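Accompanying notes for the structure given below.
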Amino acid sequence: MAGNGALRRSAREKCWEARDAYFGCLDRHSILDGLKDDTKAAQACSAEKTAFETDCVKSWVNYFLKFRVQQHQQQEAIKKLEAQGAKKLN
């Protein structure tokens, strides 16, 4: 989606759908970081990547890709702590 203007709800939903499809493809090909592994991601998920980059503002694409990695790292850290006996605080 070109431009820096505010996205309408339908445009945001289209972006989110494209993001989810791209991330689903990355998951199927065991690719976590779409930025670091850009070449591999482009080969495995070219149609989904193109749709994601077309339907979302560039800053959103970068944000979503970085957030995906951060979220994974956070989940891995939680699993490690739980394996060491850490308890969740309420």
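For all residues, glycine too, the Cβ spot is worked out from N, Cα and C.
The annotation disulfide bond is assigned in Swiss-Prot to CYS15-CYS56 (among others) on the grounds of sequence analysis. Around CYS15 (disulfide bond), taking its Cβ as the centre, 21 other Cβ atoms fall within 10 Å, counting all chains.
Annotation note: CYS45 (disulfide bond) sits in a coil segment as assigned by DSSP. With a 10 A radius on its CB, CYS45 (disulfide bond) counts 23 other CB atoms from all the protein chains. Feature annotation from Swiss-Prot assigns disulfide bond to CYS25-CYS45 (among others); the stated evidence is sequence analysis.
Taken from Swiss-Prot, the feature domain 'CHCH' covers 12-64, and the record attributes it to sequence analysis.
Swiss-Prot lists 15-25 with the feature motif 'Cx9C motif', giving sequence analysis as the kind of evidence. Remark: secondary structure over the motif 'Cx9C motif' (15-25) totals 11 helix, 0 strand, 0 coil, with classes taken from DSSP.
In the predicted model, the motif 'Cx10C motif' (45-56) shows an average pLDDT of 97. Sequence annotations record features per position, and here Swiss-Prot assigns motif 'Cx10C motif' to 45-56 based on sequence analysis.
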In the structure shown, which of the disulfide-bonded residues CYS25, CYS56 has the fewest Cβ neighbours within 10 Å?
CYS25
